[in-house]
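Feature annotations, reproduced from Swiss-Prot:
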| type | residues | note |
| --- | --- | --- |
| DOMAIN | 7-78 | domain 'KRAB' |
| ZN_FING | 195-217 | zinc finger |
| ZN_FING | 223-245 | zinc finger |
| ZN_FING | 251-273 | zinc finger |
| ZN_FING | 279-301 | zinc finger |
| ZN_FING | 307-329 | zinc finger |
| ZN_FING | 335-357 | zinc finger |
| ZN_FING | 363-385 | zinc finger |
| ZN_FING | 391-413 | zinc finger |
| ZN_FING | 419-441 | zinc finger |
| ZN_FING | 447-469 | zinc finger |
| ZN_FING | 475-497 | zinc finger |
Amino acid sequence: MPSPDSMTFEDIIVDFTQEEWALLDTSQRKLFQDVMLENISHLVSIGKQLCKSVVLSQLEQVEKLSTQRISLLQGREVGIKHQEIPFIQHIYQKGTSTISTMRSHTQEDPFLCNDLGEDFTQHIALTQNVITYMRTKHFVSKKFGKIFSDWLSFNQHKEIHTKCKSYGSHLFDYAFIQNSALRPHSVTHTREITLECRVCGKTFSKNSNLRRHEMIHTGEKPHGCHLCGKAFTHCSDLRKHERTHTGEKPYGCHLCGKAFSKSSNLRRHEMIHTREKAQICHLCGKAFTHCSDLRKHERTHLGDKPYGCLLCGKAFSKCSYLRQHERTHNGEKPYECHLCGKAFSHCSHLRQHERSHNGEKPHGCHLCGKAFTESSVLKRHERIHTGEKPYECHVCGKAFTESSDLRRHERTHTGEKPYECHLCGKAFNHSSVLRRHERTHTGEKPYECNICGKAFNRSYNFRLHRRVHTGEKPYVCPLCGKAFSKFFNLRQHERTHTKKAMNM
């Protein structure tokens, strides 16, 4: 290996064939360019005399091999001209002499790089200044507001747009900028591409973001579900919706394996494992993992119902409740069972129905082991063990385990019966009672036993019937331990103990 004193530029240069160059990725080509410039800079700094033709050939190699074949150093007009780049023009107008001719110049007649405004007495210094200039300049496409740190990246950007025939060379009105001027100049470009909404004045940096925002004003929903026809503003919302049809749950908990259709639901679920329940209700002390859940819960205490129906005026504490209610007006049932074709107005009702086909009961009580098809039913059941009744009537003080029971009870005070049968006009205080009544007109019996085929118009009667097959007797007498399949039968039995006690 040559010593540093005897080392020449020819000793350290690397030549690539076109085939070898094609095997390099963008980062490797950039690394080669940087190392090559470092080598030139180092040899110049230790006073080495460099041959102009070798240095310029090496500087040109990256461009030759990049398929654009733009020679900035020999003056060929392939894609771009020297006069378009002022500092290159000045350097090569002044630097065409041979090295021997350069040495014949006196101190009073140096080479002058007009663009840089500095005098050089040696071609080596001029070459070093070219390298420094290339390093401290940025290449800018004024049309697109893009800034590039090297000439190769700028040319790659230019090539992308020149492939499109609708763009002319006027798009590449570029300039060189000093590092010190980069920040204010880039701000100028940012201002040029600021996009403003004509309706509300909100500004955006990308045209795609502006178009998406404008759909809020226009109500445009270009992304439609091919299964139920429901439309959405954003394609991401459509993808989430499609999972309600397919049942896809791509977000799985790495601790328990439970899967979710939304990443936000997974994050909320993960808090159950970490027991992060920092959101505490100051009225009842109940804790929540998410502040939005706390706000929803607080509305049960305050009676706050900010979401009102435009058709009937009925108000709800949650936006999802309002959307579900609106379907009672328009009859929309977007969620269809792929096994029997039955349609539902809410996805939770569909999931609950599907479990009637497969018998799945994923939600188990940790106290008694009883399992349920819905988590809400499990929570309702757990209150039997705890005795919790969080929903209290502000008129009479009676408390209930469920908010729906409280609402139904409040109608006994107000006399409100908002659910009316469109066939006979009879009104009811609860939607479930209306649905049960409508079956007397239609003869519908949606609850069918999968063992004997008997059908029922009420879920309660269906549950009682199943106990005939299963032998289940959930109602146990605390005095003698005798069990019954119906609560009514337990009450009758308990009276026998009362009579015995009275006769003694």
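Backbone N, Cα and C define each Cβ position, glycine as well.
Highest Cβ contact count with the zinc finger (279-301) among the listed stretches 195-217, 307-329, 391-413, 447-469 falls to 307-329 (criterion: pairs under 8 Å). Below 8 angstroms of C-beta separation, residues 227-228, 244-245, 324, 327-328, 373-374, 446-447 of the same chain, each at least six residues beyond the ends of the zinc finger (335-357), sit close to that stretch. Mean pLDDT for the domain 'KRAB' (7-78) in the predicted structure: 58. Nonlocal intrachain contacts for the zinc finger (223-245), taken as residues 6+ away from its ends with a CB within less than 8 angstroms of a stretch CB, comprise 212, 215-216, 261-262, 334-336, 347, 350. Note on the zinc finger (391-413): residues 300, 303, 380, 383-384, 429-430 of its chain, located 6 or more positions outside it, place their CB under 8 angstroms from a CB of the stretch. Within the same chain, residues 240, 243-244, 289-290 sit at least 6 positions outside the zinc finger (251-273) and bring their C-beta atoms closer than 8 Å to a C-beta of that stretch.
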